[in-house]
Amino acid sequence: MKDHLVIFDTTLRDGEQSPGASMTKEEKIRIAKQLEKLQVDVIEAGFPAASQGDFESVQAVASVVKDSTICGLARAVENDIVRAGEAIKAANSGRIHTFIATSPIHMEKKLRMSPDEVVERAVWAVKRARDFTDNVEFSPEDAGRSDLDFLCRVIEAVIDAGATTINIPDTVGYNVPHQFGQLFKNLLEKIPNSDKAIFSAHCHNDLGLAVANSLAAVRNGARQIECTINGLGERAGNTALEEVVMAVKTRQDIFDVDTRVNTREILAASRLVSSVTGFAVQPNKAIVGANAFAHESGIHQDGVLKHRETYEIMRAEDVGWNANKMVMGKHSGRNAFKTRLQELGMEFETEQELNEAFMRFKDLADRKHEIYDEDLQALVTDNNTQRVENEIYQLVSLKASSETGESPQAEVTMSVNGDEVSALASGSGVVDATFKAIESMVNSGATLQLYSVSNVTDGTDSMGDTAVRLEKGGRIVNGQGADTDIVTSSAKAYINALNKLMDSTQKAHPQAPV
Ligand code: KIV
Ligand code: ZN
């Protein structure tokens, strides 16, 4: 019998901490439903004390997801723990994840607390969290740079206080595999009550080692991995869920653990997270990149055709490639549309929203003959992103022209707080002209940090999924837009980012000093 490896997904919490990846409640619910389909064991749905919006998102996820444990993050302070406890109340199974830093540099420079005070606070936090749930996780933040004896002392104390999972974060991605593996071995051997808790690895990818470090931890006794879809996360990101899960599944000869993940849902999860956050997946990304299973060279193709395993260690269909290819078209009815969206985990709160989405679908079907699941996903994401609460700017119409030898031009009409305004601009290309026209009306003063368009499906009639990242005064936001016309999708993405920039909601960062 293999041990069960708990898959703890933190796309909605640590993943959301990537600059510009912040998600609305509806987006979090959609992703959480897909994570439930993927059968992850635990979904860290957010940091409820960050803002009222974050609290409500965790609460909403806790009430819709039934088959995964819902976790809320809390610093080791009263307000955070109470907020997390309240947010997970509706969950079938709820967990509070509380943490405090234990490395000398964090204790001295960030917390300004002595090691004794840190131990005392950690124990207090775990006991307080136990008032809300008996499923309590504790993390000694920056464990990867903490003193081993001190870590042992803190962990022994929090297990005695009632922590059931001990998560070991390599917060700054400093560790290397043999060292991180050894850390788990040491902790499990040295801590007298280590058998009373599950040990977990939480790795960041600053040196590109997050997955390798996580797997080294598993080889040395870790029985939970914290990870995100597509490795989303601050800086270089977190451990990629799809990579650890497939490594464990593919190399059953060396891992004495197994997960309950339904790997066929991996690609759908990857696409959903990418389209909601605007963080594109690089083509050569393991498992979910467009080239992950593509064989270019004749020798490889020949080998794969003769016997698949000559060059393939995994089956593309096992991670969801070539699945969900159900085609819809202009003759598909409202009911078929609604049913397929439900199967894809997308539901509408009101009939009116469904009707609007159906009209957009019909409009798309007039322009594109075959509509795949990816198109439906892009259509709904686009619909949601164009509905940012209290949005100030909306695209009304766009006319763009380009001609060899002439300067490309764009005329954009927008609604600004309900009033229509138009502007004409020229640029180096039609997209540049469109952005200049928009800027001439809004004068945002933001800097464009990223602009990318990816095709949702194959073919030149594909929808273009556009991501725009804007920065202003240190604040970074991502905007998305989707349309078969990439100039329109670009304008939508730019306007979506502007609306997010105007939203003044302040969020606390969990790792900032209290
Ligand atoms: O990286 C980290 O240390 C974290 C903690 C909050 C667990 O994300
Ligand atoms: Zn982290």
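Cβ from N, Cα, C; glycine included.
Just so you know, TrEMBL annotations are computer predictions that nobody has curated.
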Taking N79, N175, N238, N262 as the options, which does TrEMBL list with D14, H202, H204 at the Mn(2+) site?
N238
Model confidence over the region 'Regulatory domain' (394-514) (mean pLDDT, whole number):
91
Name the residue among the binding-site residues H202, H204 whose Cβ has the smallest number of other Cβ atoms within 10 Å.
H204
Are there residues of the same chain, six or more positions away from D14 (Mn(2+) binding site), whose CB falls under 8 angstroms from its CB, and which are they?
E44, H202, E226, T228, G233, E234, N238
Coarse DSSP state, helix versus strand versus coil, of D14 (Mn(2+) binding site):
coil
Does DSSP put H202 (Mn(2+) binding site) in a helix, in a strand, or in coil?
strand
